[in-house]
Amino acid sequence: MAKQPKSLNKILVTSAGAAVVAGALAPAAVSAEAADNFTDVSAETRHYVAINALSNMDIISGFPDDTFRPEASLKRVDAAKMIFGAAELSFDGEVDYDFTDVPERAEEYVDALVEEGVIDGFSDTQFGPQENLTREQMAKMIVEAFGFDVAVAVESTFTDRGQTILYPYIDVVADLEIASGYEDGSFGVGDEIKRGDFAAMLYAAMNVGSGDMTVEALGGTVVSTPLGTLAVEVPVDALEGATAETEVTLNVDGEEFTFTYREDRGTFQINNLNGFTEEELMAATVEFDVEGDGGNDDQPMNFGMVSDIDGADAIITPLGTGAIEVPVASLEGTDSESTVVAEIDGEEFELGYRADRESFQNNSFSGYTEEELLSANIWVK
């Protein structure tokens with residue numbers, strides 16, 4: 001599944017009570033299923049809501065001893081599995097990389113993430129599945145997997161922001177309130193990320209923009225039925241582009257229920273819901289997909305930093321100017337007529353097409369270091 005860029009839609013989040021992570025949208029009460037699955041997770045566990053929800057969705061799993069170990073460091077291979085499920089990536093059935101150290105159980109996850117540019121190996125043959133993931137690497141993985149727009153993020157104020165070339169990704173997760181820093185003002189760029197913290201950040205990323213899609217925000221209602229159950233109703237007009245044929249679902253803490261279209265009322269409706277409060281259902285997220293709407297066709301597409309694009313490079317020429325070159329083949333869906341720009345600190349520079357090199361190129365950058373050019377974001381407009 002190809003990633004589609006998303007804009008930085010702000011959402012309100014509830015504090016998780018820890019400096020490390022910003023909370024995610026969630027109902028006020030949650031089931032105890034995750035606590036039953038993991039012997040070391042209970043309603044008092046930090047990030048319980050996120051762990052519970054991701055467990056219900058089969059995105060995360062634990063260890064053979066039935067623990068989740070939320071305070072343990074997260075392995076790269078486990079992060080790949082979690083991201084694969086959360087971002088709904090797909091495996092084409094063929095392993096396209098040459099890593100010799102990836103266990104067979106994880107081949108499809110790693111292959112999909114490498115293909116999408118979400119994560120890289122340490123070399124052509126070494127992925128490092130048992131290496132622990134750092135917080136800066138987490139930021140890049142989440143931004144790339146969900147296609148968040150790095151170009152419009154507000155610059156973060158972390159004291160260690162300048163210590164990593166991955167700072168654009170840190171800006172995004174901070175701006176979207178997916179992750180926050182420590183009390184000393186740092187982000188902890190090189191710190192190993194804990195399994196529980198990663199679950200919370202992943203859950204927050206999955207909920208970006210969902211604050212505008214709750215039953216309450218859409219003008220929906222929750223009423224009691226004569227049978228003692230609850231019913232949810234959402235106006236069709238509140239779901240832009242939806243029709244009678246659109247599949248609309250209600251997501252309540254990871255559990256999904258399908259709406260039925262009511263032509264006589266002009267609404268989507270679910271009856272006979274049990275085990276939830278009215279408050280939980282009003283805060284639940286309404287999800288739908290309008291097929292063939294072409295919504296992204298005219299939208300700028302971000303391919304990430306120069307350093308992350310296959311075959312792309314940035315150098316300082318003998319004349320002292322900077323140059324960026326990006327192969328056409330690395331920009332899916334582009335051709336010689338496409339408008340390709342490099343964005344540096346909010347300023348855009350167009351890259352011209354070079355037929356002899358089958359690339360987009362600009363050799364006239366002035367005042368930038370090679371590192372800054374490698375960190376430039378490439379857009380197709």
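Here the Cβ of each residue, glycine as well, is placed from N, Cα and C on the backbone.
Bear in mind that the values here come from a model prediction, so they are computed numbers and not experimental data.
Per TrEMBL, the feature domain 'SLH' maps to 34-92, 93-156, 157-216. Taken from TrEMBL, the feature signal peptide covers 1-34.
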Summary of DSSP states over the domain 'SLH' (93-156), given as helix, strand and coil counts: 27 helix, 3 strand, 34 coil
Helix, strand and coil residues within the domain 'SLH' (34-92) as assigned by DSSP: 24 helix, 2 strand, 33 coil
Secondary structure content, the domain 'SLH' (157-216) (per DSSP, counts of residues): 28 helix, 4 strand, 28 coil
